[in-house]
């Protein structure tokens, strides 16, 4: 009798499963290793540097820093500056958001545009613009004098001046989060309270504010991080007045060198990070019991009529936005047209020599080319890698991808000065005794930009892929779309608008960035921000303002190119 045997299945799916799992596990392990190396390890090396002395664990540097009266003076300046700016930004941002979201004020799209203008202008450019705006013999002062109005005299080279400028450059962040939070509040609850006789203020304090609190606190927290991280405004306005905050103090420690300069800088960076973590905890405690309204649709219809007061409110808002968003930039562009600092703005004193110097100067040209290359190449790398990871994050929503995203978030969440220092510690000597020459070259700037701004592209990519239903991709696979064909014909046209916005933001932040490059640049790789800082520190104010005017022009040119490119893509039906 012949005993039947099971047929051998060569190359069956059963034998391929272990091989597929092995390949996937190997890819995940390599991805984890790369993310740890480029995103997490620099931060760990920073903490390690703060607790070691001559190769041994020690808290000596913490004791030295915390016992130094200078540290507490700097810490006090930092807290005064940050919370003062935050109060100003919150008052302006919340008030303007309520007016736009709730009232029947006209020209809301123009208000939105002018409100966001301070966000796209680098903080160091904004500080120079405001200095020129309040210059005694500047264009604005002369216009006010011609109108028989006494020019406003404000000393920006003071703690109050820094708070003023930083608050006006930060309030759009509070506005952005708050206006959407207000528009998500169900109007039924407010109408019921109004019908029962509640006053406008009572409705706002008892219903509107508590329901919008998570969004408002989100905006305030982002504004807080922006103020805490800000290096440009304290460097340009605080340094001449001998006002030092933590970001500029860390910078001074690093460029001062010395046997313990890096260790002291590491301790100060840890203190800066702890401040951010404490405020993050406070934000969580305040909002944890608040009602979440993210599921409600945005309601842009007016809820209150201003009546006869509408023209007055519109005039006040217009005056504020023109004064804070447009006039400083006009002053910035016009100031280099005078022959020398301090001369009045008259026809006899007009000259283009400052702009001619900037356009013909090899250092300026080199800085522009360096920044364009850094921004362009970094944005391209981030576009490809960030989009691919965003696809993996949405299609494999597991513990590994969540941990990887958290590690990618850390470099952007940390203050820029802290992360720059972490990059120095990590790449100065990646392995004991091995110096690959990355620190002190342009390559460390590429690594820093890619590591810090990657999460922007990842988040925009995740948003884009979440809008694509899985059935669309499955239908494409059934139709034979795989690999590059699936991306080219199906995915890219669907994700392009959102992903492209993320890439534009990465490019602009990289192009005008100062905080990272101020600590990581080399003599062969000066960026735009570093060159402006060099002019200002050397006393060449008109050269600094002329170069800053060119930066503003580059930013607007970038937006114009994007606008034209979007039109071309629409005609080709790549985007809606």
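Just so you know, glycine gets a Cβ as well, placed from its N, Cα and C.
Note that the structure is a prediction, hence the values are computed from the model and not measured.
It is 403-425, from the ranges 288-310, 403-425, that TrEMBL records as transmembrane segment. Note on the transmembrane segment (546-569): residues 120-122, 124-125, 128-129, 329, 332-333, 336, 354-355, 357-359, 364, 368, 496-497, 500, 504, 507-508, 511-512, 528, 531-532, 535, 575 of its chain, located 6 or more positions outside it, place their CB under 8 angstroms from a CB of the stretch. Recorded stretches compared: 113-134, 437-455, 490-511; the one with the most Cβ pairs under 8 Å to the transmembrane segment (311-338) is 113-134.
Only pairs six or more apart in sequence are counted, and the transmembrane segment (490-511) with the transmembrane segment (367-391) gives three or more Cβ pairs under 8 Å, enough to call it a contact.
Under the criterion of 3 or more C-beta pairs below 8 Å, with sequence separation of 6 or more, the transmembrane segment (203-225) and the transmembrane segment (437-455) do not qualify as touching, having fewer than 3 such pairs. Remote same-chain residues near the transmembrane segment (154-182) are listed as 77, 80-81, 84-90, 92-94, 96-98, 100-102, 115-116, 118-119, 121, 123, 126-127, 130-131, 134, 208, 211-212, 214-216, 218-220, 222-223, 226-227, 230, 233-234, 237-238, 240-241, 243, 293, 298, 324 (criterion: CB distance under 8 Å, separation of at least six residues from the stretch ends).
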